[in-house]
Protein chains: 2
Amino acid sequence: MKKVTIDTSSKAYEVFIEAGVRHSIGKQLETVLTQAPSSIFIMTDSQVAPLYLDDVVASFEEKLPVYKAVIESGEASKSFAVYEQMLTKALEYGLDRKSVVVALGGGVVGDLAGFVAATYMRGIRFVQVPTTLLAHDSSVGGKVAINHPLGKNMVGSFHQPEAVFYDTETLYSLSEREWRSGFAEVMKHGFIRDPEFLEWLQREVKTFDQIPVERLNSLLERSIAVKAQIVSEDEREAGVRAHLNLGHTLGHALETELGYGVMTHGEAVVIGIVFALKLSEELFDIKLNIDHYEKWFNSLGYQTKLPANVTTSKLVSTMTKDKKVEAGAIRMVLLSELGQATTKEVSADLLEKMLDERMEVATNG
Amino acid sequence: MKKVTIDTSSKAYEVFIEAGVRHSIGKQLETVLTQAPSSIFIMTDSQVAPLYLDDVVASFEEKLPVYKAVIESGEASKSFAVYEQMLTKALEYGLDRKSVVVALGGGVVGDLAGFVAATYMRGIRFVQVPTTLLAHDSSVGGKVAINHPLGKNMVGSFHQPEAVFYDTETLYSLSEREWRSGFAEVMKHGFIRDPEFLEWLQREVKTFDQIPVERLNSLLERSIAVKAQIVSEDEREAGVRAHLNLGHTLGHALETELGYGVMTHGEAVVIGIVFALKLSEELFDIKLNIDHYEKWFNSLGYQTKLPANVTTSKLVSTMTKDKKVEAGAIRMVLLSELGQATTKEVSADLLEKMLDERMEVATNG
Ligand SMILES: NC(=O)c1ccc[n+]([C@@H]2O[C@H](COP(=O)([O-])OP(=O)(O)OC[C@H]3O[C@@H](n4cnc5c(N)ncnc54)[C@H](O)[C@@H]3O)[C@@H](O)[C@H]2O)c1
Ligand SMILES: NC(=O)c1ccc[n+]([C@@H]2O[C@H](COP(=O)([O-])OP(=O)(O)OC[C@H]3O[C@@H](n4cnc5c(N)ncnc54)[C@H](O)[C@@H]3O)[C@@H](O)[C@H]2O)c1
């Protein structure tokens, strides 16, 4: 079994990566938890439940009470209403301070269940059991949240899990679209911290079809190791943790402008990464061999041009409304060289000029 | 100005106690905050707003944006609905990560505003400006929460304020009923940790009418010092912090059985303290001079007998449903001697027997 340690200022815990680990979560938890759980509350979604819920339930000893809740699959479940419903269930099931929440699913389940655990009786323990590739990012680092109609992830906490159990077997039931969404964050980790890993990825991942499980385990281990490093340096996003937003400022603006769901998060982030690379070349007077990356992105099915139906001025004004923006200037994550992320304030005018001059526009939005 | 330092594992901060300090909160904050606020969001309630809101607003420099929200006075405002409303306002006002929330009011405002601050954008800074005597307890220690229909304070966080500004002048507009409710927690601090303070209280507080402000400042300083000690030893309520629940297990059961609002929290807690003292005498074979305390309580207007319209068996069954109860046994906070709190598991049967044998019942419920 592969292990990555996440060592934050508030807590240290392990990410266990192994094909089939869902079958032994109950057993593994016994060694992970210093205080035995009084009961277990598994939250999952309607798409994951039929596939893996029984396996996880079966992994617990019969004498331990195991409760379940299944939310609708999709981003809309990260709402106040569902949050409140889950807390109601927790109370109805009589969860106490020694109970443990299990988040079985992608980033939606992880963020929601994590926030329930963070706030139920002022915080109880939880573990992440990610089942999407994207969740290799969301399940590590303790950021949990729900959405507000006025903004994504606006209500939440920092609440670190007791452990993350990553069952790579579960990733094979994901659609190609979901692979693509998650893989953007994997590449991002290479760009900001680990050029060798980025090279390895280019060699080993030419298609999402049939990646052998051993390769997948290695990929996750290396990608999570980057996130682990950054989170351990900066748990609360006061500094370097912002580097994880490479490609995200433009990415979020694209998601907002197109309407959520048109492009996946990762697809939007890849366009954002391309732009960040181009901006980095301009501002740091370096060469990043962008064409070569663009080709790789395209071969994996990513779009790297701006959609035709959004104007650059609209994108820029959406970017300035982003929550990471302070006092009008936009702090962008850029690369001073490959593997070296840094942040730099860029004026709205320059952003718009660069978008216009350096980004291509798709012929069909 | 009197100061008490609260030194928790996650943060250290000061409680400033002074008559009239509300007029200079803006100025004081400049020295307290290491990072200047981008904007201020004052939450208060409908009873406090007309009395003190303008003073607090006026204490800030004109160039700093100051936003306000007024909730309905009363426990019902610690709800999901009001919590969500406050977050919506925070977003509409454009609060960012450098904004600071000000909780101006009693425990209801403090708990609600604190939870909003704890979860807005995963946590922003807040300060407590308590205006009730009870809030000398609730504003210190970082416990913030809202209520769920299935239980009080079931949803919340630990989120320490940046500072507490206690303006003793504001306490003079409280009703006698509210003085009595808050004073129960003051006496409690004496019982569990500081017998000298308890003696001082008996000498200095024979009525709630016209306590001179200097005496009130000293009272708060000494009472908060006890809470400070306990919170610094145990921020997250894993051990000694439970001692703060002296009188609360029976107190909560009384509040639940009578219906909230019939008795104030403090009035119920005082009956709980009387019972805890009696139980302590039985179980530790000590003498605590209970008659003498009961007389003092009565002279301050507290009831010390059980209300006639609740049965002891019902009280005990409610106590076993309390959130601090694990696996059926009831862990009671008792005194092994005056000023020495300790916890002890007591069976439901013994509790009922002791309630029947040692507690008097009021002739008129
Ligand atoms: N907390 C963080 O640090 C962080 C970081 C990045 C993203 N996020 C959040 O993560 C969320 C996106 O995560 P996501 O992409 O995993 O979304 P998701 O949880 O919605 O999963 C995507 C889809 O795949 C389905 N699914 C999940 N596992 C499956 C499996 N093994 N087989 C088949 N289908 C499966 C889900 O039902 C869903 O329809 C967003 O809400 C985002 O805000 C959080
Ligand atoms: N967080 C904690 O550690 C903690 C500890 C104890 C209690 N609490 C919580 O505190 C709450 C009770 O606090 P409370 O008793 O202060 O209740 P409260 O905030 O409702 O105040 C009591 C009443 O006094 C009014 N009021 C407040 N200040 C006033 C003033 N200066 N002059 C005139 N009227 C004023 C209020 O409008 C209200 O009607 C409960 O919700 C309880 O759960 C929290």
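Keep in mind that glycine also has a Cβ here, set from the backbone N, Cα and C atoms.
All protein chains considered, the CB of B:VAL109 (NAD(+) binding site) has 31 other CB atoms within 10 Å. Classification of B:VAL109 (NAD(+) binding site) by DSSP places it within a helix. Summarising the annotation, TrEMBL assigns NAD(+) binding site to B:73-78, B:107-111, B:131-132, B:LYS143, B:LYS152.
Residues near B:HIS248 (Zn(2+) binding site) in space but far in sequence (CB under 8 A, at least 6 apart, same chain), listed by position: B:VAL269, B:GLY272, B:VAL333. In this structure, B:HIS248 (Zn(2+) binding site) is part of a helix by DSSP. Sequence annotations record features per position, and here TrEMBL assigns Zn(2+) binding site to B:GLU185, B:HIS248, B:HIS265.
According to TrEMBL, the domain '3-dehydroquinate synthase N-terminal' annotation covers B:69-180. Taking the domain '3-dehydroquinate synthase N-terminal' (B:69-180) as a whole, pLDDT averages 97 in the prediction.
Look at TrEMBL and you will find B:182-325 tagged as domain '3-dehydroquinate synthase C-terminal'.
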Based on Cβ atoms within 10 Å, give me the single least packed residue among the binding-site residues B:SER73, B:SER77, B:THR132. B:SER73
Distance from B:HIS265 (Zn(2+) binding site) back to B:VAL109 (NAD(+) binding site), taken between C-alpha atoms, in Å: 16
Can you check which residues sit near B:ASP111 (NAD(+) binding site), meaning Cβ under 8 Å from its Cβ, same chain, 6 or more apart in sequence, and list them in order? B:LYS78, B:SER138, B:LYS143, B:VAL144, B:ALA145, B:ILE146, B:ASN153, B:GLY156
In the chain carrying B:HIS265 (Zn(2+) binding site), residues 6 or more apart in sequence that have Cβ under 8 angstroms from it: B:LEU134, B:SER181, B:ALA184, B:GLY251, B:GLU255
Sequence-ordered binding-site residues from B:SER77, B:GLY107, B:HIS248 with Cβ under 6 Å of an atom of ligand 2: B:GLY107
B:THR132 (NAD(+) binding site) -> DSSP, reduced to three states, gives coil
